Amino acid sequence: MDPTSLSPAVRRAAAVARHLAGATAPIPASTPLEPSCCLSYVRPESTERPAAFAPGDLRLLLDGHDLPARDWLFRVMEESPLFRSPSSRTGSRVFVGPDLNDGKGGQREATMRRIAYLKGRGVFRGWLTEDGADAELRKLALLDCIAIYDHSLAIKIGVHFFLWGSAIKFLGTKRHHDKWLVATENYDIMGCFAMTELGHGSNVRGIETIATYDSETREFIINTPCESAQKYWIGGAANHATHTIVFCQLHINGRNEGVHAFVAQIRDEDGTVLPNIRIADCGHKIGLNGVDNGRIWFQNIHVPRENLLNLVADVLPDGQYVSMIDDPDQRFAAFLSPLTLGRVNIAVDSVYISKVSLAIAVRYSLSRRAFSFTPDGPETLLLDYPSHQRRLLPLLAKVCLMSSAVNFMKNMYVKRTPEMSKAIHIYSSALKATLTWQNMITLQECREACGGQGLKTENRVGIFKAEFDVQSTFEGDNNVLMQQVSKALYAEFLGAQKKKKPFKGLGLEHLNGSSPVIPDKLTSSLLRSSKFQMDLFCLRERDLLKQFAEGVSLQLAQGESREKALMLSYQLAEDLARAFTERTILQIFLKDEMNVPSGSLKEVLGLLRSLYVMVNIDESTSFLRYGHLSRDNVALVRKEVLKLCSELRPHALAVVSSFGIPDAFLSPLAFDWIEANALSTGSH
């Protein structure tokens, strides 16, 4: 009978019968199996080609300043057991890092012990009492290193020095400086910054806490009038802060003079909360549990008239309100100035955390193998797969260009003048939003690129997602910040038209010339041309600014208010802010690249720059949506991305090595991950 004529059920029954019959048959003699070779870890440095450039030279460009101070602080933290967790020894290596498996109480106390240790080592010396650009840059470099170690530690220190301390220094006058700056630097007091409320975050103008001046007692009476006015998410308030900067609506003789900043003591020297003040813990968070975020209610507390931070405005003993700034909007902007440095620090932190995660993921991909190209061939390194290159190497290019951008931002901030305030606000808003968003994209991709190992807390990348997610909303919601950028560009556009003067500043000078012309047919060499790249990014920004202005004008002509007209044009606003920021990052990096002499490093910088541009085109719909590139040219860009990834692949190890992050600040996954998980090491 033809077997194919049998029904499927009969064929399956016959197959089962043959298997059962075979189970009782004698097993034929066979050749013993040879022992198979187990996987072993191979250091990427032993298999990768030697670096084509000196990693130290690239590190100098990326870090920008104070390399010796950074390395000193890294050593300070490595030397102390305070900076290690119970599982810090993995195999033959010792890593530093906080114990994020500890409860929030334990993490908070560990943060305080580390602050005390760093103070004793002189880390904070001069942070508030030394002036000048060099002193400020050194302080920012040290904070970079602390953020690489632990986000909670950096935030706890940042609130004390850069929010509380900066408010005293830059919103206060001599009487405040004499009383609180040295005490703050020495940690004789601990400060926090009470601006955010339950009912008002980004809209600081709307806060509801009230400070009423009493001319008879010459005091301000601060009151929380309703539950929505409770101060919320105040870092340091729940357990440790003794003083706070409290932002209130200032009421004098029945008139609201707007938001002002006051110094208020909230605990005594023993840590006891003062009368008429209520403090509650914000509770456990998805990250940053080493920071004691708290809520504060004020019940008619009295603070001296002298506690008003009065650089911008003052109240005389008789209740007369005086200000050096007549315009209420400009006065309000001056009160928000301490937030600018916070945004700068957040943008910088996001770049360094992206560097840590990429260093771990790239090193892992240069030692981990999977599958093979031939049946009996060796397994292939992850980073030799084009798909893996496409996942990681564009992120590498972005973080390098963004490093130049944050160095530009830091230098601009430390050399600031009053005339630069607007530009600093726009740049810090744009970069804070863009770089923190990019950090979260990078962390997610690196976590996935590390497979299941990326989920382990000790390997850092996965837990970073929870620790740094907050960056997109604190010190300004990213979406709101980008809308502010577009509004500012719109104001620049109107101002240039009204005054009939050329654009000046913010890199907008390109708008003064003729519109760039993009060839219909692009080639690989043209795509890599820095002139073409700048022309394309400038064309997009110019076109979107014009369209945004026309869209707002149309809404105004239809009777809408200016604010609503801007709100209704939010889609163009988002695209414009992104175009401005990406052009800014490219322009800044090009200046750094031009200062590098010809050679292998300059060639690698060209690869990084071109990959940054091509990936931004590939990932953004705006170039195609607004007609800046044709479908064929966008398809060509997509192919160019793969070519650039392939060409950057041999330099990947050298680039991550140039980040200057000590081995102890990475994770076991970046090194011998087999030994780290061996039973003999006691790995858990």
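Cβ atoms are placed via backbone N, Cα and C, with glycine included.
Taken straight from TrEMBL:
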- 192-300: domain 'Acyl-CoA oxidase/dehydrogenase middle' (DOMAIN)
- Thr196, Gly235: FAD binding site (BINDING)
- 339-489: domain 'Acyl-CoA oxidase C-alpha1' (DOMAIN)
- Glu475: active site, proton acceptor (ACT_SITE)
For a three-state summary based on DSSP, what are the helix, strand and coil counts in the domain 'Acyl-CoA oxidase/dehydrogenase middle' (192-300)?
6 helix, 53 strand, 50 coil
Which number gives the other C-beta atoms within 10 angstroms of the C-beta of Glu475 (active site, proton acceptor), all protein chains shown included?
25
What number of additional C-beta atoms lies within 10 angstroms of the C-beta atom of Thr196 (FAD binding site)?
20
Just the number: how many Å between the Cα atoms of Gly235 (FAD binding site) and the residue listed as 'active site, proton acceptor'?
12
By a simple count, how many Cβ atoms lie within 10 Å of the Cβ of Gly235 (FAD binding site), its own Cβ left out?
26
Rounded distance in angstrom between the Cα atoms of the residue listed as 'active site, proton acceptor' and Thr196 (FAD binding site):
9
Per-residue pLDDT averaged over the domain 'Acyl-CoA oxidase C-alpha1' (339-489), given as an integer:
95
